[in-house]
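Data block below; observations after.
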Amino acid sequence: MFKPEEIVKVEIITLARFRDTLLTYLHEMGVAQLDEVPIEGIQRDTPNEFYRKATSYSITLSRLIDTVKHYLPPRKGGIKEFIFPEEKKKRKYKYRGIEELIKDVEKFLGEAEPKIREVESEVSRLNNEISALKDSLNALELLSSLNIEIENLRGRSFLSVEVGLVDREKVENLIKELEEIAEGRVFTLRKDLAAKSLLVVVSLRKDSGKVISLLAKYGFEKIEIPEGEGLPKDLIPKYIERIKGKEKELEDVKLKGREIAEKYYEDLVFYKELMDNEREKSNFLSYLVRTEMTFGLLAWVPKKDVEKVVEGVKRITNGIAYIEVREPSEEEIENVPVKLKNPEFISHFEMLTEMYGVPKYNEIDPTPILAFTYSFFFGFMLTDFVYGLLLGVISALLVKGHSKLKDGTWKFAKIMLWASAFTMVLGILFGSYCGNLLDMAGVKVPRLLDTMSEALTVLVMALAIGLGHLFTGYILGFIVNWKNGDKRAAILEQLPWVFIIIGITLFALSSKLGIPQIAFKAVFGVGLALFVVGEIVNNKGMAVLLTISDFFGFIGNWLSYARLMALALATSGIALVINIIANMVWGLKIGPIPLGILIGIVILIGGHIFSTAINALGAFVHALRLHYVEFFGTFYSGEGRKFEPFAAKREVSELEIES
């Protein structure tokens, strides 16, 4: 706690024939972060043909999965599925090397891919045919108004026939121009249909070029003449039957597709996951160095996992390996990847720390402090027992439902579980149960403080809490800089604010505790003097401007904690409005029916659920902001290098390595 996981540097050199199995072992363990071996002028490893095939097959499998998904029945969804997701079953695969894995994938694809592609091709063909038939049916419905046999609407050897739609207001001018350019050798038939006119143009074949150009000028929408003979109205039933036949054929093909999808979908997902992990492994090959017979790698490993890693390497290589384990040197400290280490009950708060950035290896991990203060700030801003209870119930359900997955939702729900506990406690202290609902119902509620009527007191509390929060940050910054040997920064950047905050605190308490003025003035003066000296040393010529800017920056950061009061007041205010609206309609009756009670209950339930959601969102964001901007700004850079293990991502597969 407060310190990241101890990390050591592990260097391994062994025979090239062990490369694939050793990489797979490290990948499955998922406890080592691979780094590029820092040796210039030596040959780097590259993916061989099997790794390249893995990349290609990963893409192929992904496309096949997308195809068969369309034929599977829709998955269960909804709130229940979100809260209690089904755990995916894992299937074991005996890993005998990438060559054998590629052979297994090729064998599977050789069986499954042709069947899937065949169904895909058939579905595409039938969809195109149905679409074409529907277009023809639409054309027949338009042409039926002409009452002309369909064969007469097709061109002849000496005649050109164009049938289509044109804007109704343009049709007169179009007909005139047609007669002019064809010198009277043209026949037109017109049928007005709302805003469009259906037009048949018959001309000599030799004039067709000029006719078509003119039709295009007027925005003529050509209608393709369907197959068949006879009147359009007589052909329509035949086309409807043809469409039904094709749709029945399509359903049969889709049914076949569903059978294939149900047979192969899980296998496709399984093999894709295997290929994805091989693909990821290939991305790290350039980190390795090699000769004709050997290869070497460099890894960062948590100290607690080193023994397990070394034992595994020796087992896989039959002891034919050079392994060096050592602590990072002073020069390497900046480059050491950081893995946060906290007790299980607060480890989920690491997610919030990592969102900002991890500490450097020689810095303090703020997660233990953030776990308490974030939850407290959230509770202070939401500050209602019922809201906290509602949030707690939802969070508890999500924690239970995602407990086996240990995913981001599970971590977030555990954070909200803490936050809801603080919200309920502070809700009791402030006597807030859906705002003042119990007070309006005539129930006497005990409370230490009323947010609405004692807003000024709540503001003073918020500023006092903020001062304490900033003080903690400056103390931590002082400790980190002093410990890391940067004593000047500790004395000139953190210590001045420590004295200034103590001085402000003594001044605030002086009237109650009888502290002499000279005491707080002396402490404040020392802090101010150190602050000015620090500004002069650090900023030289810009010291005057930056002294004013930085001092008022501190004041701004301090006053920013007033948002604790503002959001607590907003929560109470919104709840009060909901309660007043419900109270206004409560007595409404229509005859003997107490309609107002029903409406009032709906307003109370819906309104307070909305209030919980909107105010919880505000509390979440602003509690984060107070840490990321105000608190972390006092001591924490978040510029560390996050530990990113070389780890397999497995949801449906499990590897058994044959060494």
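Here the Cβ of each residue, glycine as well, is placed from N, Cα and C on the backbone.
Residues annotated as transmembrane segment in Swiss-Prot, with sequence analysis given as evidence: 376-396, 415-435, 460-480, 489-509, 513-533, 542-562, 566-586, 590-610.
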Which range wins on Cβ pairs under 8 Å with the transmembrane segment (590-610): 376-396, 460-480, 542-562?
376-396
Counting Cβ pairs closer than 8 Å, which of 460-480, 513-533, 542-562, 566-586 has the most of them with the transmembrane segment (415-435)?
566-586
Near the transmembrane segment (542-562), which residues from the same chain, at least 6 beyond its ends, have a CB less than 8 A from one of its CBs?
459, 462-463, 465-467, 469-470, 497, 500, 531-532, 535-536, 625-626, 629-630, 633
